[in-house]
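Chemist: Have a look at the structure that comes next, please.
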Amino acid sequence: MEGIMVVFDFDKTIIECDSDNWVVDELGFTERYNQLLNTMPWNSMMDTLMKEMHSQGITTDDIARVLKTVPIHPRVIPAIKAAHAAGCDLRIVSDANTFFIETVLDHLGLKNCFTEINTNPGYIDEEGRLRILPIHDFTKTPHGCNNPCPPNMCKGLVIKRLLSEHNAKKFIYLGDGIGDYCPSLRLREGDHVMPRKNYPVYDMISSNPMLISAKIHEWADGEDLERILLSLIQDIIISYNGDDDNNVSQLFEFDCKLGVLPVISHKALPKAVCLRF
């Protein structure tokens with residue numbers, strides 16, 4: 001099998017919230033966040049908030065503690081484990097940061113499922129303070145994308161690199177936000193994009209679905225995510241191996257162990273029909 005690459009956004013895709021907002025709210029910095037919002041770039045604002053938290057005695061252990069309480073749909077964990085067990089190459093492309101993402105994945109037992117995490121650097125400095133920096137230093141060189149990507153990260157450039165490095169693989173991309181639109185445009189015929197229904201990327205794709213070469217599969221919650229993702233993986237495996245029921249069933253025998261729901265087939269949305277007006 002030539003392979004399948006599944007690329008996930010993190011916030012509001014793997015988890016059910018924005019991890020930045022979750023940390024800020026849970027640690028009592030919502031008012032300060034509102035004061036700083038729109039006064040500086042997002043990464044700079046989060047770095048400033050981490051500095052102020054540190055100065056008030058909040059430790060990285062405190063931050064990790066609240067990250068371990070982020071909400072997640074109960075079907076997302078088994079879906080990711082099932083995709084990994086089926087041999088898929090799993091990646092994350094997110095505008096969160098490494099500390100937040102790795103803390104959550106470690107807690108959920110998912111970190112080893114992912115080959116690569118593309119996100120903003122988040123690290124603990126020599127003073128014990130969490131630093132959050134942009135993955136792309138836009139103050140020196142803009143990334144030059146004309147799509148509505150944040151200045152610190154163009155996810156489309158990440159997907160462009162992955163497509164170049166893994167051209168033979170079929171890609172499945174899952175996301176929810178405005179920043180997930182650019183990578184959706186990069187996907188090819190034969191690839192699949194899974195925009196979260198009634199979220200910004202879904203609305204943008206809906207406005208002109210003919211611009212998307214990949215097949216479009218909307219999803220609303222973790223149960224949809226699991227059902228559609230595992231169905232796509234199954235369909236791709238069948239296309240590689242032929243309709244060999246024994247071969248496919250062996251790849252999905254782990255469903256009892258992981259609690260994965262039986263895979264149910266579905267159809268992609270027709271591109272000629274607008275998903276939402």
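Including glycine, each Cβ sits where the backbone N, Cα and C put it.
Heads up, TrEMBL stuff is auto-annotated, nobody curated it.
Take a look at what TrEMBL says about it:
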type: ACT_SITE; residues: Asp9; note: active site, nucleophile
type: BINDING; residues: Asp9, Asp11, Asp176; note: Mg(2+) binding site
type: ACT_SITE; residues: Asp11; note: active site, proton donor
type: BINDING; residues: Asp20, Asp95; note: substrate binding site
Chemist: A 10 Å Cβ contact count, applied to the binding-site residues Asp11, Asp95: which residue has the minimum?
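Modeler: Comparing Cβ neighbour counts within 10 Å for the binding-site residues Asp11, Asp95 gives Asp11.
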Chemist: Cβ within 8 angstroms of the Cβ centroid of Asp9, Asp11, Asp176: which residues besides those meet this for the Mg(2+) site?
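Modeler: Residues close to the Mg(2+) site, other than Asp9, Asp11, Asp176: Phe10, Lys12, Thr13, Ile14, Ser94, Gly175, Gly177, Asp180, Arg196, Tyr199.
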Chemist: Within the chain of Asp9 (active site, nucleophile), which residues six or more apart in sequence place their C-beta under 8 angstroms from its C-beta?
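Modeler: For Asp9 (active site, nucleophile), the qualifying residues are Ile92, Val93, Ser94, Lys155, Leu174, Gly175, Asp176, Gly177, Gly179, Asp180.
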Chemist: How long is the line from the C-alpha of Asp20 (substrate binding site) to the C-alpha of Asp11 (Mg(2+) binding site), rounded to the nearest angstrom?
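Modeler: Here the two Cα atoms lie 9 Å apart.
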